[in-house]
Amino acid sequence: MAEPARVRRLIGSLQDKSNNRLRPFPTLRDAIRGLMSENAIKTSKYNLFSFLPLNLFEQFSRLANAYFLFLLILQLIPQISAVPWFTTAVPLLIVLSVSGVKDANDDINRHKQDKQVNNRRVKVLIHGELREEKWMNIQVGDIIKLESNQFVPADLLLLSSSEPLNLIYVETAELDGETNLKVKQALTVTGEMGDNMDDLSAFRGEVRCEPPNNHLDKFKGTLTVDGQQHGLDNNKILLRGCTVRNTEWCFGLVIFTGPDTKLMQNSGRTTFKRTSIDQLMNILVLCIFGFLATICAIMTVGHAIWEVNEGSTFTAFLPRLSGVDIPLSSFYAFWSYVIVLNTVVPISLYVSVEMIRLGNSFFIDWDRKMYYPKKDTPAQARTTTLNEELGQIKYIFSDKTGTLTQNIMTFNKCSINGRNYGELYDFSGQRMEITENTKRVDFSWNQLADPKFVFHDHSLLETVKEGNPEAQAFFRLLALCHTVMSEEKKEGELNYQAQSPDEGALVTAARNFGFVFRSRTPETITVMEMGKKVTYELLAVLDFNNVRKRMSVIVRDPEGRMTLYCKGADTIIYERLHPSCSKLKDVTTKHLNEYAGDGLRTLALAYKHLEESYMERWLERHHEATTAIEGREDRLDVLYEDIETDLMLLGATAVEDKLQDGVPHTIEQLAKADIKIWVLTGDKQETAENIGYSCNMLREEMKDIFVVTANTADKVKEELQNARRKMCPGSAEKPKVIKARAGLLWLQKTQTVQDENANGEYGLIINGQSLAYALQEDLELELLRTACLCRTVICCRVTPLQKAQVVELVKKYKQSITLAIGDGANDVSMIKAAHIGVGISGQEGMQAVLSSDFSFAQFRYLQRLLLVHGRWSYIRMCKFLQYFFYKNFSYTLVHFWYGFFCGFSAQTVYDDWFITMYNLIYTATSVLALGLFDQDVNDRWSFRYPQLYSPGQLNMFFSKRTFVRCLIVSTYTSLVLFFFPWAAMRDSVRGDGKDIADYQSFAMLTQTSLLLVVSAQMFLDTYYWTAINQLFLWGSIAAYFAITFTIFSNGLFFMFTSSFPFIGTARNNLNQPNVWLTIFLTCLLCVLPTVAYRFLHMQLRPTITDKVRYQAREEGQPAPAPYRPPSRRVSTRRSSYAFSHSQGYGDLVTSRKFLRLKRRPSLFGRKDSVLVENQPQRFRTITEETESSQT
């Protein structure tokens, strides 16, 4: 195999003399280092030297900025420009500065985050001793030491550990979302080195492995030591992003760094996100350019005609410049009108948009109702350019673990001998809701109790203390039947190491109720029963697997009685019960249905007393089966089936995978807003399904819930088609894909699959293996059609890459705005793929937050982010754009009409200073106030009527149609603004008989009318008045008159004669009654059609916003929703099993060398362990044991 095709990792004893680190062999070092990546992570875009050129290049890559730069160049040409250059230069400089400062600030934050990660410390083997190095300095070939609770800095080959059998416990929540601990194991050949620095430094070896890829669950490679090859798989690799747990120390060899690590390979590529309004604005700006070119061409033709017919008569007092004929004059006129009419796309538009987005981002940051005091975590808008898109979300893709749940398993309820425990009832027999203020059970009598354990039903403890045999047997089973490891560093301080959080919760419950699992050896289990130490002989562990869905232990108590204790899925246990348990089974089933209705994870518990003679024969058969070379697994299954019969039912447990506060209500609110929520999780199917019921995403009332688990493409297609045909019988076999073009210059090709209507409510659950086939090109449309017909979609056992692929599929064919929310590194690719990425700063680190656009601490804050901040931001931006285009088209088109009266000479109607300050001062602050503070209804009404969110999903408030309507209204307004003052003042005279109708007086009258008209329109558009709105609006009008009287004063004229030519115009005009009458009538004519249209529309076709606003005016603040305690829901669908430790873990806990001799010297007496007999001197891995059993 060629070396470049497959990256070759070599470790040799030849060491780099400069730092004495392990390095590849010198013959390949240069070639291999060229293929290796540094371990430093870089997410920043600029450095100190590249910022200015790169940022300016990016800014002028925007069509609008390049356009304004072109205008500035035109204005510097005296033959063309009729407007001073500073009218464009000053706003352009402000735009570039504001955007540059914002980009610099964002990049500085990225630099800080990169520095924080890259500067973390880890111990590296250098010169035969451990030295602390920064993560960024780690290289392939380094040997590093990790300790408990440390993050893994790179992809490592595990060499040795402090644990027996060279095991190590890792938490992979950031990679796959699973919180249960996983076991990794080093090879025996490397494990023998332990923590001996001399052995580690002198270690010789060669590693060949696959190139960097994104497969989290697969790894292929070989380690060659002393000429012998050893296979490497995923169980020997520690991936970056894992956390070492319950392991004192371990050593690992770096094989992948930085971007080559599987974590970074799954992170997805970072894309520049732009809102749909941004994309629409680009199209509209392009259309406006076309409109501008058209009207400039019309004015150019008019100029040429006028010059031919009328121009010659003016040459006597206004001669043409030498060499300037009519064609050249018309050419100049075209570019002059481009400059004069350029305000149809004012540069201040982009400044205002950025300021509004920044302001709305601050409102998110400052919202105390999205602040989580327990962790001192406020909401944060990490990206300031996507706010309005929060008001248009149609699909939400959510992780489960740590996003919907708290990663905490709690023992919630139980049924013992037909009696239900865990509920509280008042004196009238009504069920009481348990809150934080509810009195807890006092476990202070038990010195070994876990102080964190909480239970509220005192009757259960009383039953146990009374010596009830069934209750004590119940908790005895929980204390004995498990694979949990106990560690007691100090007397009385127990630390349970559970591979499954469910098992940890059950053993902890037994511990608090007086049955404390204290310690174990391969042959015994020691339990403190109500303060008395009891040691049970462990005869056999009948291990769990996904087929059996149960586990059992066989123990002998000190009196010599042998008992089998079994726990598992209720459907499996019920099949193996003794007929005498029928009545108890019916009562327990009722309790199980209630637990399932509450979204709890259930297990049934049973036991069986065994005869001595039977057990002797069974143990002999068991020994034969475990030592068999062929058919070992089948023979063991037959044995297990034989002994696990005629069981006596004890009861059932109910464990709560604790949801975050407010999750069901949030999902309900978002569903009312017509937002579809899909759950994409790496967890197993049963757990994901259970959470679906807990969150009310899956309900008993649904007509059907389809589960797709096929393992071939044809079967996946068949299951999806059958589901679609049942939901929509009349649907076409082939989907109808509407192809169109969109984007700038219509270069982007789009494909849209229309929504279909289902004949009821359905749910879809699909696992990762089936999803891999469904995401293939020939099946992806079938998956999309079927999923979109369902109210709820849950994808389980999915990889990070599959999460991103699902998001991309919906984006590609639905053309809807998507949001992805998660809290772990396994969610990063999904967060980057969606239009909006939300990170939850939860249990799984900060990887998701660092890649997100918005972040907060609890899932419930999502409804406030979308239904309040998102909706307000969208409405504000739409109102702002409508008003902005209205005021600027009205302002600009007056120049067009004036062209017909000035010989198409590109003379401006208004004073130059009014042109400069119209968009910067006179109309800037009031429109900013509208875009920052306006709200149609307050947050309480937004929560009461989530349906208010729907218009944003349909782009009802700003679209191409809305823009055309705005253009028509602006055209009408400009006609009135020009012709009504012109007609009214044409033959008017002052009170002293002098004419009013000169150019300067007409300009003064027109610009005053314009400002008052757009201010009146602002009054009509503002729904929510604040002191700031009032100040900015009235202040703008006052500023106009103050500045106008100042720049038209005698003093400025005498100091700067050429710059302030309108001397005395303001005071001479505005003291005439007929001028004010003209202004009043002009404003009335402009505003009256708008008022009439809105009145009629509200009366004849009121929108939901109109109805809610009317109700809000009538009622004021909405009454708080009456408190309704959660209703009891009964379900017959339950999780198949509520524990998930890996198959083979039972063999590990019974292995002689699983526990350290130096810690527990008195615990080992058994010599006949199967594993010990087979390989007495060799540490065997989980994988090796499985392989040998299959041989």
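Using N, Cα and C of the backbone, Cβ positions are placed for all residues, glycine too.
Taken straight from TrEMBL:
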DOMAIN    37-88  domain 'P-type ATPase N-terminal'
TRANSMEM  83-101  transmembrane segment
TRANSMEM  283-306  transmembrane segment
TRANSMEM  326-351  transmembrane segment
BINDING   ASP399, LYS400, THR401, GLU503, PHE544, LYS567, ARG601, THR681, GLY682, ASP683, ARG797, LYS803, ASN826, ASP827  ATP binding site
BINDING   ASP399, THR401, ASP823, ASP827  Mg(2+) binding site
ACT_SITE  ASP399  active site, 4-aspartylphosphate intermediate
DOMAIN    849-1103  domain 'P-type ATPase C-terminal'
TRANSMEM  880-901  transmembrane segment
TRANSMEM  913-933  transmembrane segment
TRANSMEM  963-982  transmembrane segment
TRANSMEM  1002-1020  transmembrane segment
TRANSMEM  1032-1055  transmembrane segment
TRANSMEM  1075-1096  transmembrane segment
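Here the transmembrane segment (283-306) lies next to the transmembrane segment (880-901) in space: the count of CB pairs under 8 Å, restricted to residues six or more apart, reaches at least 3. ASP399 (ATP binding site) sits 8 Å from ASP823 (Mg(2+) binding site), counting Cα to Cα. Note: the Cα of GLY682 (ATP binding site) and the Cα of ASP827 (Mg(2+) binding site) are spaced 10 Å from each other. Summary for the binding-site residues ASP823, ASP827: the Cβ-based neighbour count within 10 Å is maximal at ASP827. Calculated from their C-alpha atoms, the gap between THR401 (ATP binding site) and ASP827 (Mg(2+) binding site) amounts to 11 Å.
Looking at 326-351, 913-933, 1075-1096, the range that has the most CB pairs within less than 8 A of the transmembrane segment (963-982) turns out to be 1075-1096. In the predicted model, the domain 'P-type ATPase C-terminal' (849-1103) shows an average pLDDT of 88. DSSP labels the residues of the domain 'P-type ATPase N-terminal' (37-88) in these numbers: 26 helix, 0 strand, 26 coil. The number of other Cβ atoms within 10 Å of the Cβ belonging to ASN826 (ATP binding site), over all protein chains shown, comes to 33.
The two recorded residues, ASP827 (Mg(2+) binding site) and ARG797 (ATP binding site), show a Cα separation of 13 Å. Distance from the CA of ASP823 (Mg(2+) binding site) to the CA of ARG797 (ATP binding site) is 17 Å. Across the fold, the C-alpha of ARG601 (ATP binding site) and the C-alpha of ASP823 (Mg(2+) binding site) stand 23 Å from each other. Of all the Cβ atoms in the protein chains shown, 28 others lie within 10 Å of the Cβ of GLY682 (ATP binding site).
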